[in-house]
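Feature annotations, courtesy of Swiss-Prot:
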CARBOHYD  ASN156  N-linked glycosylation site
CARBOHYD  ASN211  N-linked glycosylation site
CARBOHYD  ASN244  N-linked glycosylation site
CARBOHYD  ASN289  N-linked glycosylation site
CARBOHYD  ASN321  N-linked glycosylation site
CARBOHYD  ASN394  N-linked glycosylation site
CARBOHYD  ASN398  N-linked glycosylation site
CARBOHYD  ASN460  N-linked glycosylation site
CARBOHYD  ASN544  N-linked glycosylation site
CARBOHYD  ASN812  N-linked glycosylation site
CARBOHYD  ASN911  N-linked glycosylation site
CARBOHYD  ASN974  N-linked glycosylation site
LIPID     ALA1130  GPI-anchor amidated alanine
REGION    1109-1128  region 'Disordered'
SIGNAL    1-22  signal peptide
Amino acid sequence: MSQEPTTYSLFLFLFLSHGVSSYTVPNSRQDLHPLLQNMAEEIIDGSYLNALLDLIQFQSSHVWTDDLSHRVLAYLNSRNVAFTIPSLQAAVENHLEQRLHQPQKLLEDLRKTDAQQFRTAMKCLLEDKKDGLDLKDIIIDLGEIRERALQSPGVNRSLFLITLERCFQMLNSLECVEILGKVLRGSSGSFLQPDITERLPRDLREDAFKNLSAVFKDLYDKTSAHSQRALYSWMTGILQTSSNATDDSASWVSAEHLWVLGRYMVHLSFEEITKISPIEIGLFISYDNATKQLDMVYDITPELAQAFLERISSSNFNMRNTSTIHRQAHELWALEPFPKMLGLLVCFYNDLELLDATVAQVLLYQMIKCSHLRGFQAGVQKLKAELLDIAMENQTLNETLGSLSDAVVGLTYSQLESLSPEAVHGAISTLNQVSGWAKSQVIILSAKYLAHEKVLSFYNVSQMGALLAGVSTQAFCSMKRKDISQVLRSAVSQYVSDLSPAQQQGILSKMVQAEDTAPGIVEIQGAFFKEVSLFDLRRQPGFNSTVLKDKELGRSQALFLYELLLKTTRRPEELLSAGQLVKGVTCSHIDAMSTDFFLAHFQDFQNNFALLSPYQVNCLAWKYWEVSRLSMPPFLLAALPARYLASVPASQCVPFLISLGKSWLDSLVLDSHKKTSVLRKVQQCLDDSIADEYTVDIMGNLLCHLPAAIIDRGISPRAWATALHGLRDCPDLNPEQKAAVRLKLLGQYGLPQHWTAETTKDLGPFLVLFSGDELSSIATKFPEILLQAASKMARTLPTKEFLWAVFQSVRNSSDKIPSYDPMPGCHGVVAPSSDDIFKLAEANACWALEDLRCMEEDTFIRTVELLGAVQGFSRPQLMTLKEKAIQVWDMPSYWREHHIVSLGRIALALNESELEQLDLSSIDTVASLSWQTEWTPGQAESILQGYLDDSGYSIQDLKSFHLVGLGATLCAINITEIPLIKISEFRVVVARIGTLLCSTHVLAEFKRKAEVVFGDPTEWTSSVLQELGTIAAGLTKAELRMLDKDLMPYFQPSAIKCLPDEIFKELSAEQIASLGPENAAAVTHAQRRRLSPLQLQSLQQALDGAKTHSWQDAPASAGPTRTSSSRSPAGALQSWGLWLGCPLLVLMAKLLW
């Protein structure tokens, strides 16, 4: 892919710079230890890795004295090879850096090492301590070398392969297994391809085999299904060899074998499980760690689980033997030990006949872990429902509530509403730990719990756990501030992120009271801190970098705080090391940094790269280019204008690809044309092909941007398996890439109808690429695998064909029994069942209107929140579901808060008249509606007016949390009423209002209100502009023209999009050029059409990352001094052979003179 740069010129340069060593020692060969003589010969041959290994070996048994360095140099001098200590050090550094970028050559080097050198290399990998070699003149940090090697793309692969090839012949097998574990645990799992098992040793000592099996168990989830099967075969091949089984009727599977297999026991066949001796299975169950093993069989199938349960029941353990179960104590949970031993097998327990209520409760308690299963959740829910019925026999729900575990999430609204406040209060220690609550259930249970409490205090709120989101905004506002403060410092604070924006603002309004702001703000921790308004921050004098370390900052907060603290601190580096504060570093701050300071603290930016905006990255790139382009991390070149990519010589393609592959190109380069240029450079480096798996390792995230042509024809068979493993994780392949992947898969595996279960599992993320006809066979053969694949696509909306295949699969496997008492017009219609709806998730969008209309009322009640979360429902489907809600709950005027909250998107089907009927007196109800973003202006106005009418508030009465809760419906406000909003409430929620995409007229009125808070637009700072968000789109033409061009990058992209076309075109060319890459990418096509040629040129400059600040663009010289040249930088980095892209040098060396 690229040629290794020669080091002759480097050596010559260092030689001339430092001077040739003049040390001479008589009889140097006889006077030098044989290991050091060998090291010197390796240096002469250019085998620096071998030389380093000789040095490490020597140091392990000898003390390095002051004269040894000079003796080594004298020896080299006697061989007519002249080095100084600095030049030798640089040569070794350069060589090792090259090997990090050329891991195939590292593999070759390690193959050529002698036995002693190889053992030394392996021992270095084994060490955990941060050891080093102190050679008096030089300190070599071996710990850093090891860490960098294990983290470098491709190096891990070479270390893995060489360990398999040579280690087991030269070192103790336990040590080799430990090395394999280190290397594999730092990998993506792609090393473990099915054919790798052919290289695994089959004659391991028992302890080494068990340890290596443990490594494979730890990596199970990173391993493909085919590789899991291959590793299982390797493990069982060794286990069967050691088995005492004499014929086919006897099982080779012993208790210890099951323990060794661990998660791999799910690959045992049904027949093998049924042959396991009852004695062995009973012995296995009695092991102390058997439960841990069975708790992790996440991908076990019901059939295999039933087989294991049958063998366990045939052993001396008996689920019904309550005297055995009772053996530890007499309390309810003392019945737990045996069910606990079953691990995830309990999720498939089916011997329910004559089961008593106590054991049913124990089983329910153990079934909490069933959420970890891969699939089969509908069956789990069904089993929980059956156990729930048994657990409540001869008892009321009030009596059993605390002993039903997480099965309580299956209770209907009517069951929850029937609970007494006392029962909920008594069961709170169970209810507060349950996950999976629907929001409507939380509302009901919280109301019951709080009804038992006379005063809302820290103590009773701290008991609520997962039910905290059910506390109303008004209730939070009624609490004392000291109680709120304690809540935010307690364990229950982890649930604050589950609260609605209105609830969070209600809490914030208590913490930040006008008369005493400072203590409240400082006490707010974590992500909640970013909700603090810029206005309140400006009133707080007591911030420092230490106080801010545990707080998440919004960008407007960071901009303000960094500028504030920079004026008062004597150690600006503390601000950069504070993490979140880097969001507030502006281009002017970067420009003002001295060269030494910038280079010394660039690592702080790199450590927090995900927090930086594209504009900040652009500024960092320009700064680095100006002060130290020879050591510039190559990925930063992508932030500069596209022509700068020509600065990457062919010899530096590998570090360029590694550096760029560790970042996400979509967030680094926003302009499609520029991205094309970057990818053209990538293709040039690759020579339009991927030759082997090492190239895949080096590419990292760039794999997701491979052109379709390379995917189709440029990936070699050797590299394809590794590439496919990486492509699985690509979030958004384009249509051409998807088509190319599909063709490759068809070429390799054939049509889906011929696929095995393992193939289907491995290709799960790619099933969406196939047609409905192609998927039909998968839906028939492997319906559960198809469902699992669909569940993992929750972040994206799959194709209609894929969803239809999922739908058909579920419908074909469900009971097709029409209702005994159907609704009128529903005779012969198989209505949706709760199980079907639970399984289908987004594929529920495939229901016909007739199916939804014929849904039974109980089914609707149990699944309404699932249906309300489906993004793909059409307007007619939503209308049908709304009618179903009216049929079940009566007219909207009778609906309570939990009804409205549960509707989700179904509420969008309510017309204006129906919305006016709703009880909208609670801001929490309104907040649940405003969460939807598809309201028509008329609907939004009905919700807003409904809240004002039902609550009795007027516009001037609205508090900050009311404004936040109104959300998008606030855009429906009459502009004549905006001036009535109290400034004291508006100023603390500016950032929230600035997220709304309101009309230009509404934004303009909000902008006028913002002027009261922040002054005239000519006085606005970067932090104010960032805080305002879309409100800034309300600026007039004159105000926009008056803005300093240096403020342009601090508009939010959403504000740029909201600027009317006729106003946007009033920006000067200089202002447009200063927008920055992110804001330039937000410019709409309609806005672009109104621009002049000069403005369009400026826009392209902004998109490309051209310099608009401080220095002039496009310096041509590669030297570190500034230049005013504006020529093309092509070839500017041809002397970039010394680039060391890692934050720390591979060989950490420190000269001590």
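Cβ atoms are placed via backbone N, Cα and C, with glycine included.
Here the glycosylation sites are ASN289, ASN460; the one with the fewest Cβ atoms within 10 Å of its Cβ is ASN289. Comparing Cβ neighbour counts within 10 Å across the glycosylation sites ASN156, ASN394, ASN911, the minimum falls on ASN394. One residue stands out among the glycosylation sites ASN211, ASN398, ASN544 for having the most other Cβ atoms within 10 Å of its Cβ: ASN211.
Annotation note: ASN460 (N-linked glycosylation site) sits in a helical segment as assigned by DSSP. Calculated from their C-alpha atoms, the gap between ASN394 (N-linked glycosylation site) and ASN460 (N-linked glycosylation site) amounts to 31 Å. Mapped onto three states, the DSSP output places ASN911 (N-linked glycosylation site) in coil. Cα to Cα, ASN460 (N-linked glycosylation site) and ASN544 (N-linked glycosylation site) are separated by 34 Å. ASN398 (N-linked glycosylation site) falls within a helix when secondary structure is assigned with DSSP. Counting every protein chain shown, 12 other Cβ atoms lie within 10 Å of the Cβ of ASN812 (N-linked glycosylation site). A simple way to gauge crowding: the CB of ASN974 (N-linked glycosylation site) has 13 other CB atoms within 10 angstroms, across all the protein chains here. Ranked by Cα separation from ASN544 (N-linked glycosylation site), the glycosylation sites ASN156, ASN398, ASN812 are led by ASN156. For ASN211 (N-linked glycosylation site), the nearest neighbour among the listed glycosylation sites (ASN289, ASN398, ASN812, ASN911, ASN974), judged by C-alpha distance, is ASN289. Of all the glycosylation sites in the list ASN156, ASN289, ASN911, ASN974, the shortest Cα-Cα distance to ASN398 (N-linked glycosylation site) is found for ASN289.
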